[in-house]
Every structure is written in C-alpha cells, then in structure tokens.
Number of protein chains: 2
Amino acid sequence: MFDNKDKTEINDLGEFGLIAHLTKAVELTEPSTIKGIGDDAAVLDFSNKKTLISTDLLLEGIHFDLRYVPLKHLGYKAVQVNLSDIYAMNGKASQITFSIGLSSKFPLEAVEEIYEGALIACKKYNIDLIGGDTSASAQGLVISVTSIGHAEADKIAYRSGAKEGDLLCVSGDLGGAYVGLQLLEREKQIFLDNPQIQPDLEGKDYIVERQLKPEARMDVVELFEIYGIQPHAMIDVSDGLASEILHICNASKVGCKLYEDKIPIDPMTYDTAREFGLDPTVCALNGGEDYELLFTVPQEQYDKVKNQLDITIIGYITEEAAGCEMISKSGNVHPIKAQGWNAFKAGK
Amino acid sequence: MFDNKDKTEINDLGEFGLIAHLTKAVELTEPSTIKGIGDDAAVLDFSNKKTLISTDLLLEGIHFDLRYVPLKHLGYKAVQVNLSDIYAMNGKASQITFSIGLSSKFPLEAVEEIYEGALIACKKYNIDLIGGDTSASAQGLVISVTSIGHAEADKIAYRSGAKEGDLLCVSGDLGGAYVGLQLLEREKQIFLDNPQIQPDLEGKDYIVERQLKPEARMDVVELFEIYGIQPHAMIDVSDGLASEILHICNASKVGCKLYEDKIPIDPMTYDTAREFGLDPTVCALNGGEDYELLFTVPQEQYDKVKNQLDITIIGYITEEAAGCEMISKSGNVHPIKAQGWNAFKAGK
C-alpha cells in the first residue's frame, strides 16, 4: 500500500503539529458554522431548525481491509457513510468531525491521503470539517466520524412514520457494494497466493466503486425538496434491504409487501453475482453498504415518485398483523428476515 | 481484570441485540432531546441557542491501560473528558454519543461495565445518551465519544477572547491526575514483578481518583451563571497548564504573567510528587488530565472571583509582545513552554 522509505514520521510533528498540518486545507463554507477546528468545541447555529447527529466507528480489519482499500477512498467513504445517516432523516448535512487513531506503521503521507479523501467528500457535499481527534493507536487504524445536520421539524423523516397503504420506495440500485466486495476479496486471495498476478477488475468499475467509493444520496433529499415529496418514513440501506425494511416496519408498527421483481439491481451486479454463484436478490436483501435511501410515501404522492428515474417503488405498507413479506418472482410468499451485515461476525 | 468463564459471548447477541441490551437503561431527560437512540440520527432542539460539538477518541494502550483502569471508571472518564470541552466553552452539555469497538477478549459483562460507568456520568451531569456505534475490534478497546451542548451566543467563551489586563484564573487544583498516574504505574510495575504483592494506594485516594475518575467542572459554569461572571476566554486543562495557557495566549494574541506560587496544588499531590522526585510545579504545568477550567476575566470582575473558594487567580494577561512568562517562587522569570502530554509519544 505504501512503503515508509523517505516518509515523514508523525512523531516528529507531535499532535498539535499534525492537526495543524492536516487541517490547513480546511475551509469553512457552511453559513451554520460559527467556529470550526481550534477551540474546545465547535459552535454551530441552526437558528430555529432541529439539530441532527449521527456517529460511526470504522475499524481496520473489521470495516475495511487496507490490502485493497486505497487510503484516499477510505477517507472518502468514512464521510459518505456518515452523511448518509443525516440524509436518511431527510436532513441537510452540514458539518462533520473526523477522528483518526494511527499506528506507528503509518507515515504522515498515509494520513494525508485519508484526510484528503475526507476533504474531497466534504467539498463535494458542502460539508464543513469542524473538529476531531488525532491520536496514536497501539494497534490498527481507527476512524470515527460524527456527522451533524439540520432540518425543519416537520420535514424530518423518522423510521417510525410509515402508514398502512404507503408506497415502499428505494433510490438507485442494490446489491452492488456487496458483489463488489466479493470481487475484491477474490482478487486479494489470488494476489496473496501469487503476488505476481495483478488484480483483474476490468469492466467491473461500477460495482467496485459501489464498494470502495459509495455516494450518500444528498441528491435524493434535494429531489424531495424540489418535487414536494415528504417521506413518511426513511432509512439508509447500510445493512441490506431486508434489515432496513424490518427496521421501518418494527418502528412504525406496520407490515409490508415487497415484490422481488421490483428490486432494482444493476445488470453488472446481477451478472457478477451469478458468476459467484450468488442469488442477486439475496445480495440486495442481505448484502449491505449500498447507502441508498429506503422510504415510504403516501399513495397520493404516487404521481410525484413514479417518474423519478432514480426511484423505484418496490412494494407497499400493510397493517402490522399481515407481517413483512416478499412476493418472489415465481409468486411465492416468503417472510422477510434480517440477515444483515454483522460487525461482530465480520472480520475475524 | 475479568475472566471469561461463564461469561456471555457478545457474538451471541449480534450488533442490534447488543445495542438493545446496553441501551435499555438509557433514559432521556433533557428537554432538548427530541429523538435519541433508534433512528439514523438523533434529533435535538436548541431553539435559538448555538449548538456546541466536541469529540474524543480513547484508545487502549495509548489513553488507558486496562491493567489498572477499572472498566466502569473508564466509561465514566470517557464521558467526563468529553463534557469538559463543552463546559470549557461556558456551555451547557446536554447529550453524548458513545461508540465502542471491542475485541473478542471482552465478554458482554465487560462492556456492560464500561456502559454502566458512562451512564452514571450521564445521570450525574444530566446528559442524554443519544447514539453511538458498537462494533467488533480486531485489536484493542476503542472508545469514541462526541459531546453536544448549547449556549447563548453572547455567553460562549472562546480561547481567543482574552484581553490585556484580564485576570488569569483556574478552578480546583492541578497536577494531581499526573501524580496519580505515576503512582498507578509504579504499583503496576511492582505487581508485574511480583503478582503476590497487592497495590499500596492507601491514603492516596484523592490523586488516584483525579487520574481514574475526573470530574468535569459543570459546577464552575453554573457558578459563573449564578455570580454573573463572564469569562473572556476559557479552555479546559487536559494537556497541562502550560500548554493551555499558550493556547489561550496564541489564540487571543496576548501574553501573560503566571505566578508559580499561586498555582493551586493539593498537599497530597505536592508530597507524592516529592516522593517521586518530581517538581510539583512541573507536574501542574505539564502533567495534564486535570480537567479543570482555565479562564480569564476582566479586572472589574475581581470582586466576583476573589472569594470563590474553588477559583484561584494565578496571573494576568499582558500585551503579546511581553511574551508568556512564569515568575518563579524565587522571583526568576521563565518563558512558559508547552511540554504537554503527547498522544504520539505516550504508550509505545
């Protein structure tokens, strides 16, 4: 990934030096940021809007494998994953804090790459980086991100707002990040067995990017604003469609019908899943890390969502007693079960 | 610290099970918390006040040594350390997120202890725990805390607000946490050399507590409110008095005079430092982790601060060109230098 010859030792800079060095490229552009990095706490002004907060921990060997995740992508993804939670509330993400724990194997240049990826994500999504913590780590790389956003009270979409009769919708397509991961894992194994063989990812850009460089769906939240769509309930797809549907149904005390043939799956995801002997539907249901938005809207908004190219209606909300079920392509009915990604079973 | 016989494996619960288990004791009492744990993001309402955010990373082997830090204390301290940053802005801390990364050596009971300590701190300081992340860790224990608070715009005390002529003040006493750490390190070494010997910390409760169970100074911020004291600048003493004074002076573009004989040092800190052959003043200047508040107030507020038992006036602010200097007990003048605690040199 990087060699340490001619690299700068972080020790030489010290903590304050490192922070000053890393944050010198940080610009504040969000009107709600009053004070960013450089005091005990950041100061934000959301005037009469509600404040939204979400946080994630990303740990080496659990959430990422540095043998195939480029550091810049890692910084980028760490931010995206977190912003996704703010968009999933139908909010505007505006700030993040970004903390890194670094083992001594990392030279300054490696940290710079992580940070650069994070700042590219911030710039693209108009996010101010307003704080964080930087520390040595006795073990692997640790990244902790907290994202902050805001929304008007009546715009916030909780998981618990779904109503019987609502349309169940999802943005983008599903399963790609999981299938991309299978591909990266396979190429890593081939490389470990024979380091002379270069990874063969040709023509697979889309699903590799879905895994390494996901994009949080700020654009979908903006589209809601433009078209006057108000989701009753919303969640982002981080653990797989099945798990997220159950979160909405449990929180809202409703059931649902999901149509397998409506689940949006990209042709490359489909074909590559098949190559691996995987069922593409199962990849979408249980794969995770797609960071699409799953939401429900009242039927009256059918006209507003049906023509959105990037939104698919995949089912509808029922009463709770009817349970959460998927109608398969062959017409069979299966209960939806969560087998989502489990950070306590991933890694080793 | 704990043995794993008859203990519950975290794997058996899964991530959602673990979160549900750990958070079942969480109560929300802060009026500003609209939605806590259980959605993509927490929702907070600070109406017309400013939002304050601060975050810290605590890593095993760098920030704590599980050979002498009880897990409950660790959870408690992780919260205190973070709240301290909000109080250092003269704000009211109201919420935290608490994330843990756990290696498989930890049984459920160990995590419960960390969490219990965190919740005790929350309860004592009227803080709502509103979110977090829980993950396996391929290596050591990782804790990440983000604290959230609020303040009226004109009450916020930045580092940059000190003015020439201001009184330089500090709450409580200094150096205790560092001397407490020396004591714990010595006893650990004795124990490692001969496990039959029990630690001898008798009569040293105060400084051991300063290290293991610090208290963020919410009470000082409340006292400011009661007595109408408005600090011009404020910071919490996490890296040692010298480092914090320089932060205020650099951010405010001022100098200062610090009187060594005014630095508040508890007799137990003083005597124990001497036992270790350490200069108590150096412990206060460079030791860190005291989590007291260092602040400046205009001279007109002298009458308001002079009779506060827990506040000591230790010097005054000068023009920038005069530099930052300490007048020693013998009357010599020394430039103040930061040799504060460096997370990149601590640990290994």
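Just so you know, glycine gets a Cβ as well, placed from its N, Cα and C.
The structure displayed is predicted, hence computed values, not measured ones.
Pulled from TrEMBL:
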- B:ASP40, B:SER54, B:ASP85: Mg(2+) 4 binding site (BINDING)
- B:ASP40, B:ASP85, B:ASP236: Mg(2+) 3 binding site (BINDING)
- B:THR55, B:ASP56, B:ASP133: Mg(2+) 1 binding site (BINDING)
- B:ASP56, B:ASP85: Mg(2+) 2 binding site (BINDING)
- B:HIS63, B:GLU289, B:TRP341: substrate binding site (BINDING)
- B:TYR115, B:GLY132, B:ASP133, B:ARG159, B:SER238: ATP binding site (BINDING)
- B:ASP239: Mg(2+) 5 binding site (BINDING)
- B:38-150: domain 'PurM-like N-terminal' (DOMAIN)
- B:163-320: domain 'PurM-like C-terminal' (DOMAIN)
B:ARG159 (ATP binding site) in three-state DSSP notation: helix
DSSP residue counts for the domain 'PurM-like N-terminal' (B:38-150), split into helix, strand and coil: 34 helix, 42 strand, 37 coil
Binding-site residues near chain A, Cβ-Cβ under 8 Å, from B:TYR115, B:GLY132, B:ASP133, B:ARG159, B:SER238: B:GLY132, B:ASP133, B:ARG159
Chain-internal residues, separated by at least six, CB under 8 A from B:ASP236 (Mg(2+) 3 binding site): B:SER84, B:ASP85, B:TYR87, B:ALA88, B:ALA216, B:ARG217, B:GLU244, B:TYR291, B:GLU292, B:LEU293, B:LEU294
Minimum Cα separation from B:ARG159 (ATP binding site), reported as the residue among binding-site residues B:ASP40, B:ASP56, B:ASP133 that achieves it: B:ASP56
Number of Cβ atoms other than its own within 10 Å, given for B:GLU289 (substrate binding site): 21
Residue from B:THR55, B:GLY132, B:ASP133 whose C-alpha is spatially nearest that of the residue listed as 'Mg(2+) 5 binding site', among the binding-site residues: B:THR55
Shortest C-alpha distance to B:SER238 (ATP binding site) - which of the binding-site residues B:ASP40, B:ASP56, B:HIS63, B:ASP133, B:GLU289: B:GLU289
